[in-house]
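What follows is a short report on a single structure.
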Amino acid sequence: MQPGPALQAVLLAVLLSEPRSSKGRLLSGQLVCRGGTRRPCYKVIYFHDAFQRLNFEEAKEACRRDGGQLVSIETEDEQRLIEKFIENLLASDGDFWIGLRRLEVKQVNNTACQDLYAWTDGSTSQFRNWYVDEPSCGSEVCVVMYHQPSAPPGIGGSYMFQWNDDRCNMKNNFICKYADEKPSTTPSIRPGGEATEPPTPVLPEETQKEDTKETFKESREAALNLAYILIPSIPLFLLLVVTSAACWVWICRRRKQEQPDPTTKEQHTIWPTPHQENSPNLDVYNVIRKQSEADLTEPRPDLKNISFRVCSSEAPPDDISCDYDNMAVNPSESGFVTLASMESGFVTNDIYEFSPDRMGRSKESGWVENEIYY
């Protein structure tokens with residue numbers, strides 16, 4: 001049975017009897033049925049937020065889950081009825097999906113583009129309300145009902161409520177239509193004798209709330225997983241920081257210990273400073289002062305004279321006997337120089353004898369350093 005003027009009047013009466021907002025208008029998603037319960041029924045889904053609107057397939061699925069289909073407008077009277085619903089919403093700019101779509105078949109030469117469109121709910125109605133230059137039959141396959149109150153009229157007049165083919169991935173509002181049969185309220189009986197409640201239709205608003213809850217739940221689980229990873233790594237990070245700091249301190253101390261002390265370096269110099277050369281407090285002077293005259297003159301049998309022998313001119317340059325020998329005292333003519341007395345073992349600095357052959361160059365190479373042997 002096609003909706004006629006009588007049905008339009010009934011639906012408008014039902015619309016007036018339905019719950020309304022404080023402004024007295026139809027609510028988005030409100031179910032409007034003939035007589036309040038009889039079908040066909042309609043739901044006009046309008047979103048103020050454009051980001052919440054759906055593409056064609058999403059709108060079709062939302063209607064299907066709610067027990068209906070995208071609306072099939074089969075007569076001009078039904079077209080006017082849908083227009084009244086939308087006007088009563090006081091909706092702003094935003095087109096509405098309807099259940100008309102172009103078939104995915106190759107166009108035959110003698111087939112008009114308009115003839116390739118069919119209703120998704122299986123209706124065979126040939127009623128169309130295209131705008132003057134529509135459909136364009138390009139990449140735009142799905143169909144919307146124009147709703148642009150702010151748009152100026154085009155070359156074919158006002159765009160309002162005219163049909164236009166559009167890309168199926170565009171985001172729009174939509175209209176659902178429910179079957180002509182009376183909805184069943186009697187619970188079904190299972191084979192085991194248990195009664196089951198009829199399925200509760202899922203509204204688009206409820207679906208969005210469920211999707212929001214699922215998204216929030218997934219985000220929370222991801223945050224917990226991240227926390228489970230980061231919390232155990234905090235002690236390891238602190239241990240790494242402490243270990244690095246300890247190693248740095250140890251290396252600094254090691255380098256500081258390896259660096260020579262400037263005061264110690266000055267004490268190890270070979271030549272004493274001029275002030276130290278003339279100082280009467282040197283250890284050697286203190287030792288000499290403690291020696292008595294008897295220590296310097298009396299012999300000591302337990303000590304040997306330590307002598308250096310100067311090489312003669314006949315000896316070869318590499319003769320090791322020219323270096324030094326610890327031998328008994330020889331006459332001064334033999335070329336030995338007595339450095340220590342038998343008594344004290346200190347240098348007397350009295351005798352420096354050289355061989356006659358080396359007298360000529362004694363100033364250059366014959367000098368014997370005074371050493372102290374105790």
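Even glycines carry a Cβ here, placed using N, Cα and C.
Since we're looking at a predicted model, the values are computed, not measured.
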Among ranges 74-98, 99-123, 349-373, whichever one Swiss-Prot labels region '2 X 4 AA repeats of N-X-I-Y': 349-373
Cys142: disulphide-bonded cysteine as recorded in Swiss-Prot, out of Cys168, Cys176: Cys168
Per Swiss-Prot record, range annotated region 'Interaction with TLN1' [choices 15-59, 330-374]: 330-374
Member of Cys137, Cys176 annotated by Swiss-Prot as disulfide partner of Cys63: Cys176
Average model confidence [pLDDT] within the repeat '1-2' (343-347): 45
